[in-house]
Amino acid sequence: MESSKKMDAAGTLQPNPPLKLQPDRGAGSVLVPEQGGYKEKFVKTVEDKYKCEKCRLVLCNPKQTECGHRFCESCMAALLSSSSPKCTACQESIIKDKVFKDNCCKREILALQVYCRNEGRGCAEQLTLGHLLVHLKNECQFEELPCLRADCKEKVLRKDLRDHVEKACKYREATCSHCKSQVPMIKLQKHEDTDCPCVVVSCPHKCSVQTLLRSELSAHLSECVNAPSTCSFKRYGCVFQGTNQQIKAHEASSAVQHVNLLKEWSNSLEKKVSLLQNESVEKNKSIQSLHNQICSFEIEIERQKEMLRNNESKILHLQRVIDSQAEKLKELDKEIRPFRQNWEEADSMKSSVESLQNRVTELESVDKSAGQAARNTGLLESQLSRHDQMLSVHDIRLADMDLRFQVLETASYNGVLIWKIRDYKRRKQEAVMGKTLSLYSQPFYTGYFGYKMCARVYLNGDGMGKGTHLSLFFVIMRGEYDALLPWPFKQKVTLMLMDQGSSRRHLGDAFKPDPNSSSFKKPTGEMNIASGCPVFVAQTVLENGTYIKDDTIFIKVIVDTSDLPDP
């Protein structure tokens, strides 16, 4: 069987190297359709066990499910891409990890006999499916192949390729009858008409020389007596053309005309010089304007540098403030340590009290008429009373220090509050029962010397939202540096309920303070009247979404500090 050929540099046909195949990740090199099963024409009717349960074509790279049904690899990938894949044959759920390659079935399918794809062009071959690609790539004489010449775009059957390349291809090499050079057949006529140096041509100026080679034409034109020429005063406006003899006669007889042309050209040149001078003046003005702009830019740059230096000094000041706060935290930690020790002592005292109470109980069971027992009981009761008083004092001091430490630990100084509310169900039930209608957050600040604020929430709603919504409010508190801040409060406020799910669909509302509202005046008490949203979010939305996790919700308050001046 004749293989395909290719041309070498001299135009001779050479054996064509074997074409590279696309290996399938299995046995051999086979045709793999992009989607679904094989569409080949099989010699015998294919059994149903070799057909895909989805596309009903012959299986390509068969995969078998746990339920025993087979699918093409691409069809299985399409099924597994759905959220709940099911077998199209029995509707059983498909588990990806339990789908496996059916290599036995694959080998049986590749051994099935098929007709060549070029049967319609005359190929009568019957071969196994696994050998079809090799047959089409290297053997089939009825496979269409591109011409071996790079410029030719025609496709011919493999059996006709040699004749096409040698006899019919428009880009085959042909020999010029004049210069004997090799030229593609499609370009031969153009070569002879315009390019061949050995073709005989005549002078285009119809001089006495009638025949000469195209290669000699250029040299002849430079010497031809009939070659047209122009007057040497052409650049000044003279349009006369003629032979060399006519040009000499013209220049001798037209001296006055040429002088006039020179005068006109000189006048035109003077006008151009004047225009250039005017343009030069305008350019100088533009240069001066640019110089002034550069000076103003330099002044602005110096001003920006000064602002930068001021900002650096502010940053240093803030760093010192931060260091000071860190020192205060360390001091607070030192102050808390004794209270921790007191707490441990209190625990010890509690055990002592319990022991004393046990002793009192024992003594009370003894004969109450015994005088000594009565005195001992009175002494023990007085000791017990003193211990209870000391424990109460310790409890109060520890609670106060714990509260102060929590406030300092959770305070934010950038205008952003993230408030974590635990035990949502219990706290909401207390609100429903009227025990604790609202909760206040820890304070937060717009800066170390800025506004002091907090949030207030009604878990069972307030006003219009009572019993149906969560109500959320913003509160201005009296701060240490209120005297240095601008009033009324004007910063934009954003209230937000945070979504704890992966979609992060937070619920939020924003408002600009009303300068006439008493809620945003300078506080005269501990805090102003709260302002916000009585119907911030419906309780059904809150409790049925992903806003509650581990019986906890998160509320976020953002105060815009971008235009806030330093105190």
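Just so you know, glycine gets a Cβ as well, placed from its N, Cα and C.
Summarising the annotation, Swiss-Prot assigns region 'Disordered' to 1-26. Per Swiss-Prot, ubiquitin cross-link is recorded for CYS55, LYS106, CYS123, LYS155, LYS167, LYS328. The feature zinc finger is assigned by Swiss-Prot to 67-76, 134-189, 190-248, with sequence analysis given as support. According to Swiss-Prot, the coiled coil annotation covers 266-337. Positions annotated as domain 'MATH' by Swiss-Prot, on the basis of sequence analysis: 414-559.
What Swiss-Prot annotates, mapped onto the structure for a quick look.
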| residue | record | Cβ contacts under 8 Å, 6 or more apart |
| --- | --- | --- |
| CYS55 | ubiquitin cross-link | GLY36, GLY37, CYS72, CYS75 |
| CYS123 | ubiquitin cross-link | CYS116, CYS140, GLN141, PHE142 |
| LYS155 | ubiquitin cross-link | GLU144, LEU145, PRO146, CYS147 |
| LYS167 | ubiquitin cross-link | none |
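Break the zinc finger (67-76) down by DSSP state and the numbers are 4 helix, 2 strand, 4 coil.
Over the zinc finger (134-189), the average per-residue pLDDT in this prediction is 88. In the shown protein chains, 23 other C-beta atoms lie within 10 A of the C-beta of LYS106 (ubiquitin cross-link). Secondary structure counts, DSSP: the domain 'MATH' (414-559) has 24 helix, 54 strand, 68 coil.
Look at LYS106 (ubiquitin cross-link): DSSP puts it in a helix. Residues of the zinc finger (190-248) grouped by DSSP class, helix first, strand second and coil last, total 22 helix, 8 strand, 29 coil. Distance noted between the C-alpha atoms of LYS106 (ubiquitin cross-link) and LYS328 (ubiquitin cross-link) is 77 Å.
DSSP assigns LYS155 (ubiquitin cross-link) to a strand segment in the three-state reduction.
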